[in-house]
Amino acid sequence: MNKKCTGCGAWLQYDYPKEIGYVPEKVAIEQSQPLCQRCFKIKNYGSYIPVNLDKEFYKNEVINVIKDMDAILLILDIIEFESSFDKEILSLLKNKKFIIAVNKIDLIPGNKHASEVSDWIKMRLFKEGLEALDIAVLSTHKNYGVNGIFRKFKHFFPNGAKIAIIGATNVGKSSLINKLFNDNRATISKYPGTTLKTVKHTKEKFVFFDTPGIIPKGRLSDLVCEKCNLDIVPSNEISRKTFKFGKDRVLFLGGLAYFRILKEFDVKPIFSVYLSKNVIFHETNKDKIDSIIEKHSGNMLTPPCNDCKTDYYNNKFKSEIIEIEDKEELVIKGLGWLTVKRGPLIIELTIPESVEYVIREAFIEPKRPEDMF
Ligand SMILES: Nc1nc2c(ncn2[C@@H]2O[C@H](COP(=O)(O)OP(=O)(O)OP(=O)(O)O)[C@@H](O)[C@H]2O)c(=O)[nH]1
Ligand SMILES: [Mg+2]
């Protein structure tokens, strides 16, 4: 069969039910544009069907597609910004014309004007030596900014163009396709790795190529089971809690990571932590760290859940001393971030060794003292 699934791009086949692209023979014969069984189940039942393809498979697919393009549309996720602004992904933009779209702005806590978001992105691109044709601010959930993107392409390419939509897994590439075409053609899901091969969509003189997401390095959310992954990656409102802590107080972020305040100066530091609502905070003293992990991981300290905690704690952990100044943020990739309101904040952070963190100029200023613990 020489057809691709319109939902995920996999080549359709009816011989191997456990392989990607499987569609029952009867459906393949009767329907002109059948969906593979996996897409059918995701779309109709919201089921999750994991696919074990390695990182290189997705990356090579994207590298091949962009060779032949007039332009690239790189989608970033404002909430998972540091993972989606991955060096490997940015390297694909070299010598290409590109537009950046920052998606999921509906999840930003507080009021942030679109122009503030795009100025901040411009500054981050400049630091990487990159210049976009334009920057768009987007929420496919709220249908905000979608038509603006198409207008930008028409402006820069009045004769039409071939455009690859690329980015990390789960940033909303396929969601954008569905909004651009005002239908439900692409399979989208809460889980990373939904699109498997490139899918081509034509609109007026433009051809958009929805590509599989690239798996960035260093995300904590990739170390837990699928259920916990959903709990960690914010899909609706983000929780913000503000703390004023003295020396040797410890804050657990679920059972995933914790940090201890190492020093206290004249006044206690104040900081806000932003995480998915499903990650539970727990405050304690330094002497209780080990006993709390032993007694409460998988229940009071969750995620990780009881099913994946053993695998999670089998990772090698690192403890690193980090100093964060006023108006700076510490971002733990694939988990969340912490903004310092009154610093300096000197902590010892304990996270799995493969997880990366970044200190950046604050994007979101910590707010009102009334939500302070
Ligand atoms: N809050 C919010 N969620 C969004 C938005 N856009 C997409 N999502 C959600 O993000 C998740 C991933 O969306 P997809 O469109 O499948 O992402 P993708 O980039 O195509 O993912 P892969 O195919 O795995 O690379 C889904 O749960 C979407 O509902 C948005 O604007 N706001
Ligand atoms: Mg997709």
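Glycine is treated like the rest: Cβ placed from N, Cα and C.
Please treat TrEMBL annotations as automatic predictions, because they have not gone through curation.
The feature domain 'G' is assigned by TrEMBL to 162-216. Residues or ranges marked as domain 'NOA1/YqeH-like C-terminal' in TrEMBL: 271-362.
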Just give the helix, strand and coil counts over the domain 'NOA1/YqeH-like C-terminal' (271-362), going by DSSP. 16 helix, 46 strand, 30 coil
When DSSP states are grouped into helix, strand and coil, how many residues of the domain 'G' (162-216) land in each? 9 helix, 17 strand, 29 coil
What average pLDDT is reported by the model for the domain 'G' (162-216)? 95
